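The next block holds one structure in the form of structure tokens; read it before the comments.
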Amino acid sequence: MVDAATSSPEAEPAEAGAPTLLRRQIALVVHAGLLIAALSWLVPTLAAWDPRAGYFFSLTFYWLFFCLPVIGWHALPANSGQLFSERLPWRDWWIIPLLLAQVGVVAILIFAPNTTFFTSGGMWLAILIASINGPLEETAWRGGFLGTFRNRPLLGYVLGCALFTAWHIPLVLGAGLSFEGGWSMLLGGTALLGLFWAWIVWRSGSIFYVSIAHTLTNIFLFWVFFDRNGLAA
């Protein structure tokens, strides 16, 4: 799934050995599982107290206790030097228009039908949160699983996509918050986008363009979500 040039990172010394890799893989999966378990309690508990404060506190908890540790423990140590590169071989130039098309589809299907209730406050809040969330998620989820499962790419791809989708499940447990299309749209859309973005990252070895697409996608989705739920008021 990953090109040979990116599947053997210099940052992964040969002497690390299979047992060390296996321990790192187990640690990453367990960390994701603990995140989902913690948020399954935290989100509904905080949302029952204050939906707006509860949502943003839960999101901050996710960034601080999952994304940043995974980046520091898994993504960066296993970085081959390609993870943040904007360079693409000529045979992969199609990735850029494909990602732009994906962002456009989200804008047409989710964003455009809801423009009547948008506010400037919702826009600025969406830009702020998306600019943090997009790069953090791509580095943690795609970069973390790419670096940790280089010797087992199919397993890393499947587990990364499944757990990325699963961490969104606690969000639907928050009382007082509604998502465009309901929980099925949230989880189904997350699964499809996760599979698509991960496929590109595993193919190219880089999160650069996917991070941009993720951020733009989040701007559209967060803007709708924030104004629909009055979170920017």
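Using the three backbone atoms N, Cα and C, a Cβ is placed for every residue, glycine included.
Annotated in TrEMBL:
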{"type": "TRANSMEM", "residues": "26-49", "note": "transmembrane segment"}
{"type": "TRANSMEM", "residues": "55-73", "note": "transmembrane segment"}
{"type": "TRANSMEM", "residues": "93-111", "note": "transmembrane segment"}
{"type": "TRANSMEM", "residues": "117-134", "note": "transmembrane segment"}
{"type": "DOMAIN", "residues": "122-220", "note": "domain 'CAAX prenyl protease 2/Lysostaphin resistance protein A-like'"}
{"type": "TRANSMEM", "residues": "154-177", "note": "transmembrane segment"}
{"type": "TRANSMEM", "residues": "183-200", "note": "transmembrane segment"}
{"type": "TRANSMEM", "residues": "207-226", "note": "transmembrane segment"}
Completion exercise
DSSP composition of the domain 'CAAX prenyl protease 2/Lysostaphin resistance protein A-like' (122-220), residue counts helix/strand/coil, works out to 82 helix, 0 strand, 17 coil
Completion exercise
Sequence-distant contacts of the transmembrane segment (117-134), meaning Cβ under 8 Å and at least 6 residues beyond its ends, amount to 59, 63, 211-212, 214-220, 222-223, 226-228, 231-233
Completion exercise
Tertiary contacts of the transmembrane segment (207-226), defined by C-beta under 8 angstroms and 6+ residue spacing from its ends, are 83-86, 88, 95-96, 99-100, 102-103, 106-107, 110-111, 114, 118, 122-123, 125-127, 129-131, 133-135, 137-139, 142-143, 179-180, 193, 197, 200-201, 232
Problem - Outside the transmembrane segment (55-73), six or more residues from its ends: residues with CB under 8 Å to it - result: 27-28, 31-32, 35, 38-39, 42-43, 46-47, 129, 132-133, 136-137, 139-141, 143-144, 167, 170-171, 174, 177, 231
